[in-house]
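> Here's a structure for you.
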Amino acid sequence: IIQGASSLLPVMALAPQENERILDMCAAPGGKASHIAALMKNSGVLFANDVNEDRINALVANFHRLGVINSVISTNDGRQFPQIIAGFDRVLLDAPCTGTGVIAKDRSVKTGKDEQDIQR
């Protein structure tokens, strides 16, 4: 997976370590989550969650292609995690937004947004 610098920064800030329990709340399509798994050297457990079930196939495919084997994939509402499983060493929540992170590659992002996009 080729990633822009802005995709690398959240994982660098998270600073995942081997043998940790890490939750990626918005994991699909898997670029950042795969990076986390690589930094963990496929040790510990990476909980890769995305509430949008339509995006899970891409996550599974990327994990398979990249050899990620330390993962548990789920589609839970993040607010449910305290009742489902307790305790993570680190949590990444790089939530989807309006798409402004791709301005450098797609200048139409500046002019192609309307009020509904902002409200979302």
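Residue numbering: from 1, along the chain as shown.
Just so it is clear, glycine is given a Cβ too, placed from its N, Cα and C backbone atoms.
Keep in mind that TrEMBL annotations are predicted by a computer and have not been checked by a curator.
Remember, it's a predicted structure, so these values are computed and weren't measured experimentally.
The S-adenosyl-L-methionine binding site feature in TrEMBL is assigned to C26, A27, A28, P29, G30, G31, K32, D50, D77, D94. What TrEMBL lists as domain 'SAM-dependent MTase RsmB/NOP-type' is 1-120.
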> For the domain 'SAM-dependent MTase RsmB/NOP-type' (1-120), how many residues does DSSP put in helix, in strand and in coil?
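Looking at the domain 'SAM-dependent MTase RsmB/NOP-type' (1-120) with DSSP, the answer is 52 helix, 16 strand, 52 coil.
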> I need the most crowded of these binding-site residues: C26, A28. Count other C-beta atoms within 10 angstroms of each C-beta and give me the top one.
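Top count of Cβ atoms within 10 Å goes to A28.
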> When neighbour density is defined as the number of other C-beta atoms within 10 angstroms of a residue's C-beta, which of the binding-site residues G30, K32 has the lowest density?
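Among the binding-site residues G30, K32, the lowest count of other Cβ atoms within 10 Å belongs to K32.
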> CB neighbours of D77 (S-adenosyl-L-methionine binding site) within 10 A?
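Result for D77 (S-adenosyl-L-methionine binding site): 10 other Cβ atoms within 10 Å.
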> I'm checking region-level scores; what's the whole-number mean pLDDT for the domain 'SAM-dependent MTase RsmB/NOP-type' (1-120)?
87
> Need one number for the S-adenosyl-L-methionine-binding residues C26, A27, A28, P29, G30, G31, K32, D50, D77, D94: the maximum pairwise CA distance in Å, whole number please.
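Across C26, A27, A28, P29, G30, G31, K32, D50, D77, D94, the two farthest Cα atoms sit 20 Å apart.
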